[in-house]
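Below you'll find the structure, written out as structure tokens, and then a few comments.
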């Protein structure tokens with residue numbers, strides 16, 4: 001990657017994240033009838049909004065916490081807590097998104113878990129839950145020894161990037177699946193294959209999600225944006241317990 005300053009890059013990334021949330025909100029509000037929590041199709045609309053907000057935007061923000069220049073100075077513990085809280089918030093939103101889609105399916109008599117999108121999405125959330133629990137136990141509780149934290153850290157980093165990629169794939173496949181069922185021949189004024197405005201808008205949303213996720217992964221891979229570990233006094237400090 002070119003040697004770009006981090007803060008302008010972070011501003012661009014934040015704008016893209018907000019754009020993803022704005023696009024999915026507008027899609028569900030303008031073309032899909034808005035939001036409700038009553039088992040109707042409007043309840044389903046919470047599913048894409050919560051998943052994009054939680055599993056892509058907030059999850060991406062949590063991944064970049066340690067890349068902030070302010071996180072390079074002073075104790076690492078507050079940034080650990082911020083990282084964990086952002087990830088927990090993303091997980092809560094993802095669970096609410098699953099509740100919305102399962103409740104809609106059950107109310108409308110639609111089968112659950114029959115598509116590749118549903119398999120991939122549920123597997124991503126389950127993997128994310130394991131990632132959060134393992135990270136909390138290893139890095140924020142005082143029970144794991146230092147050698148175990150050091151051993152687990154690269155695994156945690158690897159699965160963090162993997163989960164983000166799976167989240168992007170889940171969201172894009174879900175957008176395509178929703179468009180296919182909503183705009184298929186005979187059930188819409190203009191079918192999906194003729195690319196009506198809704199299809200164009202939702203396809204752009206999918207591209208924004210991919211762009212946001214790819215830029216997050218690029219930021220994670222850039223060596224000069226990583227927090228120096230050599231002079232960090234509490235690299236292995238847990239939430240409860242004294243510094244090592």
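Quick reminder: no glycine exception, Cβ is built from N, Cα and C everywhere.
Just so you know, TrEMBL annotations never went through curation; they're auto-generated.
Marked as domain 'Cytochrome b561' by TrEMBL: 12-221. What TrEMBL records for 50-69, 81-104, 116-143, 155-175, 200-221 is transmembrane segment.
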For the domain 'Cytochrome b561' (12-221), the mean pLDDT of the predicted model:
94
What parts of the chain pack near the transmembrane segment (81-104), using Cβ distances under 8 Å and only residues at least 6 beyond its ends?
37, 39-41, 43-44, 46-51, 53-55, 58-59, 61-62, 65-66, 110, 112, 121-122, 125, 128-129, 132, 135-136, 140, 239
